[in-house]
Amino acid sequence: MSSLVRPLRIILLGAPGAGKGTQTTRLLKRFPKVQSLSTGDVLRSQIAAGTRIGKEASDHIKQGALIPDTTMVGLVMSQLEQLKWLDPKASWLLDGFPRTYKQAIALDHSLDQNDCRLNMVVELDVDQKVILDRIEARWVHVPSGRVYNIDYNPPKVPFKDDITGEPLTKRSDDTAEVFQRRLDQYNKEIEPIKKFYSNKGVLYKVSGDTSDIIYPKLEALVLEKFG
Ligand code: AMP
């Protein structure tokens, strides 16, 4: 079982519900030296803690809208510093950021200044009709960000997290109406982001309709380039 021979700085792109959280959990288990940050999880914990950012984010999230770029860029930049991810030796995965072209530019600029460029951006390509069909079956464990699907990837005990046994909850933005808005938003923003990374030669795509189909392809891709 080989591990990574050089630092991995990876971003997962993909429509909401494409399984970014699930793929992240599986990658981290396989490559324990990689750390991860999900901006959605950070925002949900800020909301739970009632912070200023949490208050600002709450309405946007409920409506399926994006949080303004200045807030998001500020939040992610301070997390990059706190987590010491600007050290070129660190290996990490960002899930849910960037979601706009402006965010992509800001991230690139900050990494560039610290001599640690992104070296892999993977688009999880899942049929959006399939995503819409299964979104109402999605349940989450908010403290850890672990994601389950009652039909495809059920918890061992119904509605309980596998690791902590704590109750799972539904996300308030996982209703059909709000979800469609989030998908529309994704489709509107993603092309310039993909073009930006494609020009840098770091963009890859893995396709499939379930996490079990996508994961082996993703792992093989990481091993091919970094194993
Ligand atoms: P997620 O868990 O990644 O689906 O994120 C949930 C929600 O948090 C999104 O629908 C947005 O409202 C907000 N959010 C997460 N990441 C970002 C980001 N990079 N930029 C703007 N809004 C974000």
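Here the Cβ of each residue, glycine as well, is placed from N, Cα and C on the backbone.
Caution: TrEMBL annotation is automatic and unverified by curators.
What TrEMBL records for Gly17, Ala18, Gly19, Lys20, Gly21, Thr22, Arg138, Val147, Tyr148, Ser211 is GTP binding site. Taken from TrEMBL, the feature AMP binding site applies to Thr39, Arg44, Ala65, Leu66, Ile67, Gly96, Phe97, Pro98, Arg99, Gln103, Arg171, Arg182. Annotated domain 'Adenylate kinase active site lid' per TrEMBL: 138-173, in sequence order. Look at TrEMBL and you will find 38-67 tagged as region 'NMPbind'. Look at TrEMBL and you will find 137-174 tagged as region 'LID'.
Shown on the structure are the features that TrEMBL records.
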residue: Gly17; record: GTP binding site; Cβ contacts under 8 Å, 6 or more apart: Val126, Ile131, Leu132, Arg134, Ile135, Arg138, Phe179, Leu183
residue: Gly19; record: GTP binding site; Cβ contacts under 8 Å, 6 or more apart: Leu124, Val126, Val147, Ser211, Ile214
residue: Thr39; record: AMP binding site; Cβ contacts under 8 Å, 6 or more apart: Met72, Leu75, Val76, Leu94, Asp95, Gly96, Phe97, Arg99
residue: Ala65; record: AMP binding site; Cβ contacts under 8 Å, 6 or more apart: Arg181, Gln185
residue: Ile67; record: AMP binding site; Cβ contacts under 8 Å, 6 or more apart: Leu43, Glu56, Ala57, His60, Ile61
residue: Tyr148; record: GTP binding site; Cβ contacts under 8 Å, 6 or more apart: Arg138, Trp139, Val140, His141, Pro154, Pro155, Leu168
residue: Arg171; record: AMP binding site; Cβ contacts under 8 Å, 6 or more apart: Arg138, Val140
Across the domain 'Adenylate kinase active site lid' (138-173), average pLDDT on the 0 to 100 scale: 92
Surrounding residues of the domain 'Adenylate kinase active site lid' (138-173) on its own chain - C-beta under 8 Å, 6+ positions past either end: 17, 19, 21-22, 24-25, 38, 40-41, 44-45, 48, 61-62, 64, 179, 182, 210-211
Lowest local Cβ density among Gly21, Arg99, Arg138, which the record lists as binding-site residues, within 10 Å: Arg99
Close-lying binding-site residues around ligand 1 among Gly19, Ile67, Tyr148, where CB distance stays under 6 Å: Ile67
Cβ neighbour count within 10 Å of Phe97 (AMP binding site): 23
Maximum Cα-Cα separation in Å among residues Thr39, Arg44, Ala65, Leu66, Ile67, Gly96, Phe97, Pro98, Arg99, Gln103, Arg171, Arg182, which the record lists as binding AMP: 24
Summary of DSSP states over the domain 'Adenylate kinase active site lid' (138-173), given as helix, strand and coil counts: 0 helix, 12 strand, 24 coil
Additional residues surrounding GTP, by Cβ distance to the Gly17, Ala18, Gly19, Lys20, Gly21, Thr22, Arg138, Val147, Tyr148, Ser211 centre under 8 Å: Gln23, Asn149, Asn153
Secondary structure tally of the region 'NMPbind' (38-67) (DSSP, helix then strand then coil): 22 helix, 1 strand, 7 coil
Residues Gly17, Ala18, Gly19, Lys20, Gly21, Thr22, Arg138, Val147, Tyr148, Ser211 [recorded GTP binders]: greatest CA to CA distance in Å: 13
